[in-house]
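Asker: Here it is, the structure in full.
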Amino acid sequence: MKVRVMTLLTSLRSERVRALLTHMTLYFSVVSRAVTVSFLNCFVVFSRYSFMFIMLTCNPAPPCSPCPVGSLVVPAGGGGTFLGGYIVQRCDLRCRGIIRFCAVCCSLSLLSAFVFFVHCPDVSMAGVTAPYGIHSSLDERLLAQCNSNCSCDRLFSPVCGADHRMYFSPCYAGCTSINLTSEGQVYSNCSCVAANSSHERLALAGRCSTACPYMPLFLTVFFFCILFTFLTSIPWILVRTLGETLIIIPLFHLMSRAIPGPIIFGSMVDRSCLLWQDKCGEQGSCFVYKNTDMSRFTLIAGIIYKVNLDTFFIFIFFFYYFHDYSNCRFSLKASNL
């Protein structure tokens, strides 16, 4: 009896492995979903890069900087998830129609990804993106004649000068005194801040904000980018194209494939850094990014993700069409979700 049971289990295991290895629809479903989850991990789930992109490329006012990310992710992500499931149930889509639906959503998301090309001008930072006011040429070093006798440390504490130029710290701005006002910490007698008849040598604690008209456009298009991406979350065909006993294998593969996403995006974002933190000779976090490079690298990464995803859906439709899984139909009951 024991031998028969072992033989039966071995046979079932062999059939499952054979079904898994010859299931091309499964392969491309796993890869496509892994690409989608990687994109979501970077821009939606963790909101790290979307928040960073908005902060650095759109330069919002500090009190409103955390607001856009949460106001986009919740309605776009949740609404897209429920809307995708409703469309599949309402239209009674089978697998072939679901593949087309996912491909269309991915294509629309690809078009909306071009919003990452939108960016505002870089904030002028003395010694990094702009020369010090008393110099005629760009000095790439933070140390200048106006602060050479200050013995400044490398603690990053940015201040915005009255000349609309950001400085690494009050010390590097050459400031000698500080006053607490209703607007915050105001530094005065800043020798590096260019003075004229319209303003004095003052600096306000914090980064400089610039008037950028692209924030509403970016938030609107980015909302639809998230919406179209989440529309495919419920209609995903992987779980429906396999038997229940084989689900654990692709899901495990899915989780392992989703991990590198933030690492890949992070490495591309780091390429746009202009000024790195120095921790005892080791590279720390980035202090200043170049908006143009940040926008370009983010756009390239987004397009690569979306183009690959569209390609995978083409392969999924191709293999599914020739295998003709006519019995693959979505059932959105709670027990199957």
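Cβ coordinates come from backbone N, Cα and C, glycine included.
So TrEMBL lists the following for this protein:
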- 26-46: transmembrane segment (TRANSMEM)
- 98-118: transmembrane segment (TRANSMEM)
- 140-194: domain 'Kazal-like' (DOMAIN)
- 217-239: transmembrane segment (TRANSMEM)
- 246-265: transmembrane segment (TRANSMEM)
- 297-322: transmembrane segment (TRANSMEM)
Asker: Please work out the helix, strand and coil residue numbers for the domain 'Kazal-like' (140-194) from the DSSP assignment.
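Answerer: The counts are 0 helix, 15 strand, 40 coil.
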Asker: Average the pLDDT scores across the domain 'Kazal-like' (140-194) and report the rounded value.
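Answerer: Summing pLDDT over the domain 'Kazal-like' (140-194) and dividing by its length gives 82.
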